[in-house]
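The structure appears right after this line, and notes come after that.
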Amino acid sequence: MGAPSALPLLLLLACSWAPGGANLSQDGYWQEQDLELGTPAPLEEALSSTVWSNPDLLASQDSQPWTSDETVVAGGTVVLKCQVKDHEDSSLQWSNPAQQTLYFGEKRALRDNRIQLVSSTPHELSISISNVALADEGEYTCSIFTMPVRTAKSLVTVLGIPQKPIITGYKSSLREKETATLNCQSSGSKPAAQLTWRKGDQELHGDQTRIQEDPNGKTFTVSSSVSFQVTREDDGANIVCSVNHESLKGADRSTSQRIEVLYTPTAMIRPEPAHPREGQKLLLHCEGRGNPVPQQYVWVKEGSEPPLKMTQESALIFPFLNKSDSGTYGCTATSNMGSYTAYFTLNVNDPSPVPSSSSTYHAIIGGIVAFIVFLLLILLIFLGHYLIRHKGTYLTHEAKGSDDAPDADTAIINAEGGQSGGDDKKEYFI
């Protein structure tokens, strides 16, 4: 801040420094009157050499405080930090845009409990302002009372948070293919917010956001409209208006409007069971869908008069099917939006049972049991054969007394062996 006031002195020093009585030419260069000695020298080079060779000017740069601009959301807290390299035995001071002193060093000057001291040293003065309001926006000044007084500015920008958007324009149910027009509005944003539309996950292209300044002169009200043709798929859909603003920091702020669409009914016929047979009970369900839902169902069979059934119940019941019940049946579902007729061709099958899943299950179980029984029989046969082979009993009669007489049931014959001279003992079982 002191540099501009020293500019005349610098120019004077530059003139006295130029060699040989130099003159300033029209192109901004210093020229020597003696061409043999002089060379062109830009003016900024002369000034720069003078500034950096002057110790007093270097010291003044160290005494210059510095700070930074800050952005805060309304209702939040902002910290103002001022620093200086050479304090020259002086204190730092913060003042607000109205030039009211907030803090001089560590001493509070303004009675505002929102403003608190964060740090106070010879080289730094930091304060905080909580619950920031839009009125707090502006330039804050950090000063150091040297000779001369030096200052630094900090611009505080306060963001106004947009209010939750409001959707208008929907009054009652819409008929299919009618055009829906909805309006969305949000106030209190600073700077002005942007509005977007969507239907479920589908983006809707609304009008360009309109901006109007609020009575306080600081915040803005934004609005947008969207129009689209409704279909039966839109029945029960949520139309969402979202506000986008930097103060929200990615948080969702939106409003939805559920719409109702009136459309003509549809119907389909579902048999129970799916493959009816002669002698069974059959129900034909007429499943109607619409808004409003069908209130009346009329059943007819092609080739027969009058209608079979006219009721609020949607099912046609056959207590005992006959072959004569085969044919094409029609169900007409009716609401105050219109009517729709669905058809079903009934073919009554013979009463012989059709393999069902339960009979298949029983067949599988029977096969498994038969296989297990077969394995058991094989095991019993092998076990019996084994026992028979090892059941033989050797009965050997030993001589008792002098005559060694055999018993009544066994005869033991001893025979002399062959060429080996050994005795072989042969046993016979009687």
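The backbone N, Cα and C atoms fix where each Cβ goes, and this holds for glycine too.
Automatic prediction, not curation, is the source of TrEMBL annotations.
Annotated in TrEMBL:
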- 1-22: signal peptide (SIGNAL)
- 55-144: domain 'Ig-like' (DOMAIN)
- 162-260: domain 'Ig-like' (DOMAIN)
- 265-347: domain 'Ig-like' (DOMAIN)
- 361-388: transmembrane segment (TRANSMEM)
- 399-430: region 'Disordered' (REGION)
Just to confirm my parser: what is the rounded mean pLDDT across the domain 'Ig-like' (265-347)?
91
DSSP on the domain 'Ig-like' (265-347): how many residues come out helix, how many strand, how many coil?
3 helix, 50 strand, 30 coil
Secondary structure content, the domain 'Ig-like' (162-260) (per DSSP, counts of residues):
6 helix, 52 strand, 41 coil
